[in-house]
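K.L.:
Just passing along the structure, written as structure tokens.
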Amino acid sequence: MDKMQPSGGVLHTKSAMRRTWPNRIFAATYLIAIFALIFHHCRNIISTTDRTTRSVTITMLVADLVLAFMWTTRQAFRMSPIRRQVFPENLTVDSSEYPALDVFVCTADPYKEPPIGVVNTALSLMAYDYPTEKLSVYVSDDGGSQLTLFALIEAAEFAKHWLPYCKNNNLLDRSPEAYFTSLTNFGTVKHDQIKVMYERMKMRINNVVERRSIDGYVTDEEAHRTFAIWQSTPGFTPQNHPTIVQVVMESATEKDNGRQMPNLVYVSRDKNKSTPHNYKAGALNVLLRVSATMTNAPMVLTQDCDMFSNDPKTPLRALCYYTDPKMDPNLALVQFPQTFHGINKDDIYGAELRDIVFGNCYGMDGLLGPLYIGSGAFFRRKIFFGSPGSHIPSQPSDSHHHVASKSISSVEVMTMARHVAGCNFEAQSKWGSEIGFRYGSLVEDYNTGYRIQCQGWRSVFCNPVRPAFLGSSPTTLHDILTQSKRWSMGLLDVTVSKYNPLLFGVQSMNPLQAFCFGHYAFWPIWSIPYTTYSFLPQLALINSSPAIFPKVTDPWLFMYVFLFLGSYAQDLIEYVTYGSTAKRWWNNQRMWMMRSLSSFPFSIIEYIQERCGLSSFGYNVTSKVVDREQSERNEKCIFEFGVPSPLFVPITMAAIINLWALVHGMKQVVMGNESLEDVFMQMFLAGFGVLNCWPIYEAMVLRTDKGKMPLKTTLVSTSLAWVVYLGSSFAF
Ligand SMILES: O=c1ccn([C@@H]2O[C@H](COP(=O)(O)OP(=O)(O)O[C@H]3O[C@H](CO)[C@@H](O)[C@H](O)[C@H]3O)[C@@H](O)[C@H]2O)c(=O)[nH]1
Ligand SMILES: [Mn+2]
């Protein structure tokens with residue numbers, strides 16, 4: 001795929017962002033203020049004679065040092081952000097020169113990830129504007145479910161109508177669900193026919209899922225044989241079953257029937273309880289090997305089952321890099337952003353991840369390239385098998401080079417495919433450590449992207465105007481906090497390992513790039529400053545202890561004002577200029593507060609528990625099923641608490657303490673016991689906290705719907721807030 005010649009004209013361009021120099025100058029100024037703050041703290045610690053003041057100042061110093069550390073690593077993203085553009089119209093028109101493409105779709109649980117969603121993702125990818133004989137879609141099912149295979153068989157039948165319809169009408173929306181829901185007027189007869197077919201398929205698929213069985217839906221002999229393995233295997237569970245590989249649709253056979261169809265293959269890898277299966281990374285490695293025995297395409301796209309294609313020309317955009325002879329030969333990955341649909345208007349959960357999926361990727365793109373974000377990534381297959389200089393064959397073993405030329409459903413190929421999907425295939429091999437997707441972290445995407453860059457591979461960020469993919473993101477607060485907790489635990493896996501970006505990374509790659517990875521690696525410690533700032537000044541105020549911050553008349557106050565406003569204003573400007581709104585930014589900063597008080601400290605605790613062997617947590621797949629009432633509240637931007645969860649406790653405690661501090665402070669000022677000048681900063685912080693916690697008060701006292709704060713959580717949080725107050729009254 002490296003030898004193809006473009007037809008002429010540039011294929012891609014890049015340009016530095018105008019913000020580069022302002023960012024650098026601002027960083028230098030901000031750094032001076034940080035040093036001043038640290039100096040200020042140290043001087044206070046030395047000069048004070050009061051023990052309480054000293055302990056409080058030392059705690060604030062620690063919190064500020066963590067903030068300073070996180071700020072420093074974050075600057076790496078801001079030093080040289082770039083934007084790129086691609087020109088697929090300049091690609092050669094001779095598509096016979098295009099490299100083959102293997103698409104990997106992962107799913108893990110038919111009840112959390114409805115098979116109709118998987119089908120829509122698969123169909124949207126099968127309908128790519130790409131030579132069909134070069135396109136193969138492999139679906140990995142970690143749920144080992146007949147329901148998913150049934151859905152794919154239905155999808156293959158529907159595809160025979162859907163794909164030609166998409167291509168003949170040059171549709172942009174190739175996920176049928178997206179297409180039919182976006183259209184309000186009825187179209188042609190053909191349109192109506194296809195719609196009926198889709199609705200029928202959807203109903204059949206949803207029915208089997210609801211009944212949890214395919215009985216009565218599979219009638220012919222051949223289909224019965226396909227599903228026989230489920231019946232013939234005693235004790236078949238998602239965690240314990242043999243390999244299932246099923247060619248659902250074969251391009252070559254369809255061609256013989258006069259149809260242009262891609263391959264569609266279902267894979268559910270061999271699993272047993274005694275062999276670790278390494279979650280999604282394990283699933284992807286099985287797909288890497290199974291696909292190598294069948295089609296062995298040089299280009300691989302990884303895709304989550306909750307992310308469908310929103311633009312059929314996306315592979316051509318990736319080709320703009322991969323086919324450019326002038327491109328860095330070490331290019332491993334073209335990463336498209338994950339864009340989410342169905343997010344509510346003000347994005348109350350900060351789910352669009354503007355800063356992470358866009359801002360940080362632009363920033364890293366100017367260094368060695370964005371990190372791998374798990375979905376929407378076009379890889380060069382060979383990069384999974386060694387560093388840029390090495391020559392490792394991209395197949396499980398050299399001996400099957402001949403296999404790729406055989407029919408993918410031939411006995412030989414199928415035998416080999418099942419063999420490489422076996423549980424023991426990876427035993428004592430380098431899979432997961434040096435080749436393939438990397439194991440050892442719950443964020444296999446971050447970990448794999450980081451480790452391949454350490455080896456010398458590069459990546460580029462491709463962000464077209466029309467989003468290449470659209471996906472779903474969690475729609476309840478509990479789900480989003482749980483997801484962040486999982487990410488955070490996965491990051492801790494890397495932070496605590498020998499590959500820590502700030503120790504190993506800085507020696508293996510551009511140090512600024514290592515800082516970017518390091519910034520993520522240390523996400524969990526955001527909990528330190530956020531917890532300190534959410535509780536300490538407020539408790540001091542409640543206890544009428546000596547002031548923590550400079551008085552309003554003290555010139556040192558300006559430094560605080562500059563540090564606070566400077567950081568928030570820069571964040572706001574970035575968020576908005578990367579395509580969001582001020583309101584969404586506000587909600588996003590609140591989510592960071594919530595994550596830092598909840599997901600991150602819990603991830604640290606659970607990580608330690610796991611390390612001590614006290615419990616094991618594993619990969620909690622995000623549910624993509626939404627109940628109707630929940631979804632109505634979500635659309636109205638109302639926070640969804642609903643379930644009693646320890647994750648809500650710290651944020652509720654913070655809400656109570658901040659309100660208490662604000663009210664107490666106001667009372668003291670009004671009664672003349674305290675001068676506003678002394679406690680202004682603390683009052684401001686408490687007020688800022690209260691403003692942020694508004695949805696929590698509503699959920700605790702005003703709401704009556706099912707999504708309100710469960711009484712149990714309110715009671716536990718109130719009692720704990722009381723305990724914290726009592727503790728603080730001894731300390732102050
Ligand atoms: O044992 C498992 C667990 C998960 N998955 C799949 O992994 C994908 C992501 O899972 P999801 O529950 O949706 O997690 P998210 O937190 O939404 O995913 C984000 O975070 C993951 C871990 O960092 C990345 O892999 C994803 O691409 C990224 O979107 C889904 O397709 C799952 O089916 C598996 O195949 N096997
Ligand atoms: Mn997801």
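Cβ atoms here come from the backbone N, Cα and C positions, even for glycine.
Note that TrEMBL annotation is computational and uncurated.
Per TrEMBL, the feature active site maps to Asp142, Asp445. Feature annotation from TrEMBL assigns UDP-alpha-D-glucose binding site to Lys112, Glu113, Asp142. Residues or ranges marked as Mn(2+) binding site by TrEMBL: Lys280, Asp304. The transmembrane segment annotation in TrEMBL covers 21-40, 52-73, 638-660, 680-697.
Tell me about the setting of these features in this model.
P.N.:
Asp142 (active site) has a Cβ environment of 25 other Cβ atoms inside 10 Å.
According to DSSP, Asp445 (active site) sits within a helical segment. With a 10 A radius on its CB, Asp445 (active site) counts 24 other CB atoms from all the protein chains.
Reduced to three states, the DSSP call for Glu113 (UDP-alpha-D-glucose binding site) is coil. Neighbour count (other Cβ atoms within 10 Å of the Cβ, all protein chains): 27 for Glu113 (UDP-alpha-D-glucose binding site).
When other Cβ atoms within 10 Å of the Cβ of Lys280 (Mn(2+) binding site) are tallied across all protein chains shown, the result is 22.
The list of residues near the transmembrane segment (21-40) in space but at least 6 beyond its ends in sequence, with Cβ under 8 angstroms from a Cβ of it, reads 61, 64-65, 68, 71, 75, 78-79, 81, 556, 559-560, 562-563, 566-567, 570.
Counting only same-chain residues 6+ beyond the ends of the transmembrane segment (52-73), those with a CB under 8 A from a CB of the stretch are 30, 34, 37-38, 41-42, 44-45, 515-516, 518-519, 522, 525-526, 528-529, 532-533, 536, 540, 545-546, 548, 567, 731-732.
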K.L.:
Report, as numbers and ranges, every residue of the chain located at least six residues beyond the transmembrane segment (680-697) whose Cβ falls under 8 Å of a Cβ in that stretch; write 'none' if there are none.
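P.N.:
Those are 348, 533-534, 537-538, 540-541, 547-552, 557, 560, 589-590, 593, 638-639, 651-652, 654-655, 658-659, 661-662, 665-666, 669, 709, in sequence order.
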K.L.:
Rounded to the nearest Å, what's the C-alpha distance separating Glu113 (UDP-alpha-D-glucose binding site) and Asp445 (active site)? Just drop the number here, would you?
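P.N.:
Just about 20 Å between their Cα atoms.
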K.L.:
Are there recorded positions among Lys112, Asp142, Lys280, Asp304 that sit within 10 Å of Asp445 (active site), Cα to Cα? If so, list them; otherwise say none.
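P.N.:
Cα within 10 Å of Asp445 (active site): Lys280.
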K.L.:
Hey, what's the Cβ neighbour count for Asp304 (Mn(2+) binding site) at 10 Å?
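P.N.:
Here the count is 25.
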K.L.:
May I have the list of same-chain residues other than Lys112, Glu113, Asp142 whose Cβ is within 8 Å of the Cβ centroid of the recorded UDP-alpha-D-glucose site, in sequence order?
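P.N.:
So the extra residues in range turn out to be Thr107, Ala108, Asp109, Pro110, Tyr111, Gly143, Cys305, Val621.
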K.L.:
Quick check: in three-state DSSP terms, what is Asp142 (active site)?
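P.N.:
In three-state terms, Asp142 (active site) counts as coil.
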